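The next block holds one structure in the form of structure tokens; read it before the comments.
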Amino acid sequence: MKVKVLSRNPEHYLRETKFDIHKVPRNYDPDLHPFAAAREYIRALNAVKLERVFAKPFVCNLDGHTDSISCISKHPKGLSSLVSGAFDGEIRVWDIPQQVCVRNFTAHDGIVRGISYIPNGNSFTSIGDDKIIKTWNSLRPQFGEEEKPLNSILSKTILYGISHHRRDPIFATCGEVCQIWNESRSEPIKTFQWGVDSLHDITFNPVETTLLASCASDRSVILYDMRDKAPLRKIIMKLRINKLCWNPMEAYIFTCASEENLYSFDTRNLKHPVNIHHDHVDAVTYIDYSPTGREFVSGSYDKTIRIYETDKGHSRDVYHTKRMQRLTCVQWTLDNKYILSGSDEMNIRIWKARASEKLGPLKPRERASLNYSESLKEKYASHPQIRRIKRHRQIPKHIFNAQNVLKAMRQKNKRKEANRRAHSKPGSVPFVPERKNHHVLAEHK
Amino acid sequence: MGKVNRYFQPVEDNVQSSTNEKFVKYDVDFNKIHDRKKKFKNVHKERKIIKKIPNKNPKFKGRAPIPEELLEKYGKGEGLDCKEIKTKIHQKKIEKKELNIKFATEQAARTEILLTEEYGCLDADDGETTTQYTQKQIANNVDIAAASKHFELKLDFGPYRSKYIRNGRHLLLGGKKGHVAAFDWITKKLHCELNVMESVHDICWLHNETMFAVAQKNFVHIYDNNGIEVHCLKRLNKVSRVEFLPYHFLLASCSDEGYLSWVDISIGKLISQYNSNLGRLAIMCQNPWNSLLCIGQSNGVVSMWSPNTRDPVAKMLCETTPILGLNVDPSGRYMATSSSDRTIKLWDCRKLTGPIQHNRLSSSATLLNFSQTGMLAVGMGNIVEVYRNPTTPLCSRYIRNRSNTPTSYMEFCPYEDILGVATSKGFQSLLIPGAGEANFDALEANPYQTKRQRREAEVKSLLEKVQPELITLHPSVISTIDVPSLKEKVEAQQKLLFVKPPNIDYEPRKKAKGKGGSVKVHRNKKIVQEQAKKEFIKDTKETQKKQKSNKKTTSNLLDRFL
């Protein structure tokens, strides 16, 4: 008789001392794990619910300005510093981790129109309604010294926007004309003009560094090459473009904020936008890309900030508070973690870029568990319950109402077009795809 | 322990040569080869090139292969055929997903090597059979720790029912005459012992050893591990059998009056209760694979019930005579039934077909129980027999035990080689070598759980509580694709949107000459056609309205499968 009965040695299964972790023997036999699918689904459901529970995006509020914020600029090298300009000509420098203003001075007579750091971050350039381009040292003046610009240039034309070259000591301004400046000269090295419009925004391409784009008041976007003598291309839209931002990872993609929607264009084919990003109910005033180039943030006149994925037509998230008024500027910080917003009611707000993300360091097990729930959410994303919870947002009443109005308008237009099509000669009322509907023409010079 | 040869272990002689073979260095004098390029200074340097040469030794082909049967065991079924997907991007996505699943399966199969504990076994000597060994003999031949697991309790309040907890560590006894006892049967430490002063019909552990339910004369009562009555569930009255569904936190019961009920013990809510219209219910078990309740009826039918519908989800005509014993194996593959005509039949519980095996016994079996390794214990009067491989033609009697009093209940202990047999005069635990699963999963059921681990597991399992709507015939229905219903939806939509009014062929009655000219006929025809068209439009509008109103009422999670 040969016999063996299961007899486990408890020492193999119990921890030796109180300071050890518990032993967890695993057996992945599927028979020991019933309801694998159902339990995984419940886990996904819990994960998506927890994501909504922990979605508290607002971090802090920087107050101190005595007029609305007109522009903010983030430091190109450091994460802790921020410069903001206001409508009363004041510039403030903030220390973000301490949440305090470290420096403030009146820089211009009238509105500060734009601020731009130079690439090494040692100084920043500001422009104002007084037509002066001033360069300021990033460091605070010594005790007893007055705030004085390092350099100031009087421009002959009005200035509305400024953008610095990614590497070289060159910056561009826009106003009546587009001008390229060298930091060491007091005259523009190049001037571009196409029509007699006023240009209200200009941006250097961060990858293809000689390329520039500006928004004009005749509802157009003009592309320039710094090496060229004349502007390159012009796109005219049905509504005015307020702000434009290049994708920092894909040199040929830019997104512009219009009076209603956002449009992403591919410079290689400007005939129609590659994507239209809906959801704002009022004019979009500002847009900034995340450093990864996968997402961008937009601020709008409807008092909300929305975050979009570049390839999606609708926003991933919407941020709002009761006190935040119309947005004038938003920025995505270079560590891809925070969003800075400046608004009409004199405050700069700091938000988390991913609303439910935990701030601070994560322990390895915590990170593993978060990664697991992330992939669960992705796996079960198309289940109706999970999709519903993931998409649900509380939005202010005025936006809810405006959305309904817009929806009714859109439906009415659709119905009208369908009626017209039904009662006219076949083919005389063509189907125009949404992407071609907002666009008037693209021109060469 | 002898030296274990693993299939991935290389033969020692070849180790040296194989490592040398892999990389061969070439020293090349580039001056000779590129005479023309001598004018370039950089070329003068000697360079070393490392070239990879394919390994010619067929004995070492990278990672160890995984046996097919293991891959099948851990496999997640056939994958999708990516070629049928039309969009390239989705094709790539699915391909990647399939690769991930394949990788996961392989990794799971490779973990088999980490399972250290060995299964029990009992081999007979020449000329002997395993059935002739008595419990005493077996206990004498095993180690002391295992021998101490064979014990007998003499109790006076029988006939008893006994239940092991899910990790096999604790035992609950309930005597018909009111005796209820809960204890850790390995250390023999008593948690509580009480007499409820009522008849006890059934008992069961709830999610852990701190609580258990007792079906008493009128109601089901819940006690904690100190024997203090925590709840009295008055909605469950005259209950004959109780079962706990651990992943749903449901206490399922059937009653003398034919009622089936499910109570969610985590929120104390009666999920569902209805009359099965079958009269007195006394033979019930749960299918651990899909948590359906199987009920053996006196007409030989086994019906399977879920809390979501008032009709049985499935019915199987298993016997021609009343069913006496019924059990489903822990993997949910097989169901065993026994009836008064002294037969045992084994059924495929997933396909709902069978019988796979059909055996005749000397007397009719009233109790059946599957072990984790697939052994089947059969109780007939005072005799308990255990069968090996009951689902195959190799089915053989393994162990036979006779006691003085008739058996009232028996159950295999999970993760132990133990069969607990409750009789009318007490309880005895029998050693059945090879009955229990040797390697437990500590995150699922841990016999060596500490108090803190138990608390954590409780919270985790509550978070993962599966909703009662998911109790269906096939438990993984939630992860399947809703293809046919989507197709149906599209078709239904199209049917509603693109319908033409019917063509009506109006055939006028033949009339006498002179009555009604062709004008009149034509007018009548028009009128009839117009009427039909109007009716048709009205009907379609109504159906469209109905469709819209139907849409709003969908809230259940599984409605998409309806």
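Here the Cβ of each residue, glycine as well, is placed from N, Cα and C on the backbone.
What TrEMBL says about a protein is an automatic prediction, not a curated fact.
What TrEMBL records for this protein:
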type: COMPBIAS; residues: A:409-424; note: compositional bias 'Basic residues'
type: DOMAIN; residues: A:353-438; note: domain 'Sof1-like protein'
type: REGION; residues: A:409-445; note: region 'Disordered'
type: REPEAT; residues: A:62-104; note: repeat 'WD'
type: REPEAT; residues: A:105-137; note: repeat 'WD'
type: REPEAT; residues: A:277-318; note: repeat 'WD'
type: REPEAT; residues: A:320-361; note: repeat 'WD'
> Within the compositional bias 'Basic residues' (A:409-424), how many residues are helix, strand or coil going by DSSP?
Replying inline: 14 helix, 0 strand, 2 coil
> Looking only at the repeat 'WD' (A:320-361), what is the mean pLDDT?
Replying inline: 95
>> Can you tell me which parts of the same chain pack against the repeat 'WD' (A:105-137), counting only residues 6+ beyond its ends and a CB-CB cutoff under 8 A?
In response: 70-78, 81, 83-91, 147, 149-167, 169, 171, 173, 181, 183
> Within the repeat 'WD' (A:62-104), how many residues are helix, strand or coil going by DSSP?
Replying inline: 0 helix, 25 strand, 18 coil
